[in-house]
Amino acid sequence: MPDKAPLVDTRNLSNAILACSGAIAGASAKTIVAPLERVKIIFQASHTMQYRWSNVWRTLLDIQKRDGLSGLWKGHIATLVRIMPYSATNFTVFDRLYRRLQDSPYISQHVPAMLIRFFSGSVSGAAAICVSYPADVLRSRLAVDVNGEYSSYSRAVKKIMHTQGIRGFYSGVGASLIGILPYAGTSFMCFETLKSYICQNKNHWSTLDKLACGAIAGLVAQTSTYPLEVVRRRMQVHGSNAFGGRGVFESMMYVARTEGVRNGLYKGVTMNWIKGPLAVAISFTVNDCIKEFMAKKED
């Protein structure tokens, strides 16, 4: 059936504006949650650290004492280098693809709106991963570095190239591509579906509505795809031999068997229940607000 949500009309907005909107949205969200993101990566990449909230705060304090307050944002430049093109690609591709599919009379009449949203989100997420993945590997190496092996971005690049070659920048990309399809698809599907429901029952789509829908979308998407993220992080940090050459799904089974589901596949997930919804809520809200502002300015 046709989608009845009164979405912002972005047809008159250029791809450059959509890309800038997405980039700003992603950068805003990641900057706010960066300290929790670093701690989460440290726990995910470790085979031995036990995840408890007491250990989270202890790790935050240890980082602050060792590296200063700025240490909580160590690797953040690499994060921005990754997230800005990622978010720019993600939001732009989704907006254009979703619009095109919705404008197709046959598709809009015969394909459920939720499926169109999920498909558009999955494609946009995969495109974004292909653009930004090398920077994500670099960010992960910097985030978990406590021995000074990756003391600078240039040194990190040289070390990865020397030890693993160009393939080192794509360690775990298979898990990322497998994980991003349901994650991005679920995020956009939940956000746009909730948005459609609210807009059909209210005359105003407020900032609070955006934040609430984004938080719910982030919670659902993060929880459903978290095991893939754990495997991906370890492959990024330790290379393709992190699981003895096992594939993505074999690696997930290995983690579940050796570390358990709760302490392995879902290690640190409660932190994601705070960080994930917050980041998704901010990014979706900022992106929507910028597009609304620019669309009104274009009229």
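Yeah, the Cβs are placed from backbone N, Cα and C, and that goes for glycine too.
Bear in mind that TrEMBL entries carry predicted annotations, made automatically and left uncurated.
Quick look at what TrEMBL lists:
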type: REPEAT; residues: 13-100; note: repeat 'Solcar'
type: REPEAT; residues: 112-197; note: repeat 'Solcar'
type: REPEAT; residues: 205-293; note: repeat 'Solcar'
Overall pLDDT for the repeat 'Solcar' (13-100), taken as the rounded mean: 85
Counts of helix, strand and coil residues, the repeat 'Solcar' (112-197), according to DSSP: 73 helix, 0 strand, 13 coil
For the repeat 'Solcar' (205-293), residues assigned helix / strand / coil by DSSP: 74 helix, 0 strand, 15 coil
Helix, strand and coil residues within the repeat 'Solcar' (13-100) as assigned by DSSP: 76 helix, 0 strand, 12 coil
